[in-house]
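> I have a structure here, written as structure tokens, and I will follow up with some questions on it.
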């Protein structure tokens, strides 16, 4: 056994000696490669200077600055960051010294601006792996060697358990000492030394874990302390060896509780330990920073919080304090701002949300994104279980910290609102019950015994955010975020009380509270406006007052009356905008108008109304009148008037449509029906409105685009509805449509469905878009022919059905009427000089000729056949005579005029 032990020690010594020899070879080869690199750079600089001197005949080319100072600066910066300072060092480690030197020499030249580009993360990672894979593979091999050494000693039984563990610890400490000795002796940073230190830490982890899991030598508390000490020591050494070693220490530290195992019911020490590791990692990143290191630390902290959330039995009270401490660490430890009172200006975070979530101004991490993740995590925990008994202790620590920090740090001004919304979303989510319960979800009621605690928790929530907003506003009088938080937070609490515990308080009492709050805010706003102050405070007092009024309406009124109550605010807000000129108040008008339009447009899918009263009259009609009156007020700014006009147009169409359906279906406005009569009415209604709005666009130049767009949409709907009448709802083959038409000749539903649209299409040929007038002339001609043909069919049979046999008199009637239409169209086109009308009559005449020769000749007999041909002949002769006569008169008139 002694011989084998000696052999093992000898092999270890030879391995270390070989590593040292290879390191010294690399170290001695490095100056030679550096000299060669400098010589190549000097030669290339001389060649470049000669080329520039020959190319420029004018001003004399200045000397190219020496690259050595820049190289020295880069080497110093890289050493401080834990990066390789000299590219050739990596080439020595990989065994490709000459090739790397030539590559470095070639890349040392300045690149033209067009060729410069910043490599992506994937490319940088690939470059780093190519340059350092052998170094870190060697460090991993050293760590594995320590593990295999312990395993070999176990298998052979050379040493006892205690000796094996102590030998592993001694080996790890020895490797760390050797790496530190080399670091102190050498100048600059060497990745090989960092890899050696990483392998030493792996050996220490393996030895300490073996003492617990294999031999149970020491109690878990001692093992816990040793592993934590190894992790913290590794993180401390990362100050000299760079970020890779820091990540090894942080990952190892977060993995310690999982490696040890234990009772899931005793997670409070684990959470405390996780906080210590998180703080240590953030302090370390003051000196050794990488984005992935920062995100890894935050991920480890959130992992143990998530584990405690799902597995802990005695950690509920700490679930709120834990994210708050992590948030404090993110804000304080990176910059030493331990009291969070150091003022931080807003900087460049006023842009998009992507800019806001990006790195902070100091370039030290994604602090705001990390805080947002903590808020989302808290919302998730509240949705799982709000813990009403300890609610404020769990929800409020993190928001309270953010409210305090955002008072001094202006880059965090959006976080208080995000915190309030996250808590509200979590509370509402805690009541949701998903599939298979309809509608696809439902609210589960809170236990009556907990409702009092819910109200207390919501009161504390509203008071905290309102007080914090007022405190912020006291310092920053023009802060929009602070003013909105101060005045809207209590209303959010009232709304949550109505949603979460609707049975705990009378609706009328809750509505009265909301109205009192709204009246108070309105009074404050009125006093401020009369003093001539139209700042952010006045704006949010007006907004909060109207929101309180809306909330009271939602709580106490029914659906139909609620919409009308909301529409009143359009008039009041527009009047305030005109009277006092409060900045940005027009956005509230647009928001309320959008809510009204969405409610009234999508009513069939959003709301239910009680049948009985004619609610469409005051809901749609009342909203239309209020928005129309608001549009009459002389408001500064044409865009707001444009919105109000557009809203009036939209509401007018909705009012006419719903009123028509109320009349058609006996009050069932949203009945799932679309009958022949409704389609006929919609066709004429939409076409008439389209013509009306187009003519309005002609006389009103300010809102021309609005009215023309409305006219285009309505005309498109009218054409599509008319096509539906001709095809999918044609009474010739649709029995439901045929049954809607009475037996009365001429004066029946055909007159509305097919006759009135012809008149409207004819009007469109004169009073609509000039480019579309030929199209509507064609539609009017075809529509007239269809209408007349359907009336003839109905006149002969008393109904419309393709199955009925065509009679001889019916065939003759078609010929006569079509011939008259053709003659009239051709004469009118000739006299009026309208070629389109003339050509339409000619097409119809050809159709009549074909019908008489191919249908009437075979289908008619006796006198009817003779009359058909007689009428056709006389018509053709008359047309020819009229055409010749009119042509001669035109020629004579032209000759006399000449």
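Just so it is clear, glycine is given a Cβ too, placed from its N, Cα and C backbone atoms.
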> Transmembrane segment per TrEMBL sits at which of 106-124, 315-333, 334-352?
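When 106-124, 315-333, 334-352 are checked in TrEMBL, transmembrane segment belongs to 315-333.
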> What range among 162-182, 372-392, 393-413, 540-560 does TrEMBL record as transmembrane segment?
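So the range that TrEMBL calls transmembrane segment is 162-182.
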> Need a quick answer: max count of Cβ pairs under 8 Å to the transmembrane segment (811-829), which of 162-182, 481-501, 676-694, 745-763, 775-796 is it?
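Result: 775-796.
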> So which residues does the transmembrane segment (775-796) touch in its own chain, when a touch means Cβ under 8 Å and the partner is 6 or more beyond its ends?
719, 722, 726, 731-732, 741, 745-746, 748, 750, 754-755, 757-758, 761-762, 764-765, 768, 807, 809-810, 813-814, 817-818, 821, 825, 836-837, 840, 844
> Taking pairs 6 or more apart in sequence, does the count of Cβ pairs under 8 Å between the transmembrane segment (481-501) and the transmembrane segment (162-182) hit 3 or more?
no
> Tally Cβ pairs under 8 Å between the transmembrane segment (676-694) and each listed stretch (162-182, 617-635, 642-664), then give the stretch with the top tally.
642-664
> Same chain, outside the transmembrane segment (507-525) by at least 6, Cβ under 8 Å from its Cβ: which residues?
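The answer is 487, 490-491, 494, 497-498, 538, 541-542, 544-549, 551-552, 555-556.
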> Do we see three or more Cβ pairs under 8 Å linking the transmembrane segment (617-635) and the transmembrane segment (642-664), pairs being at least 6 apart in sequence?
yes
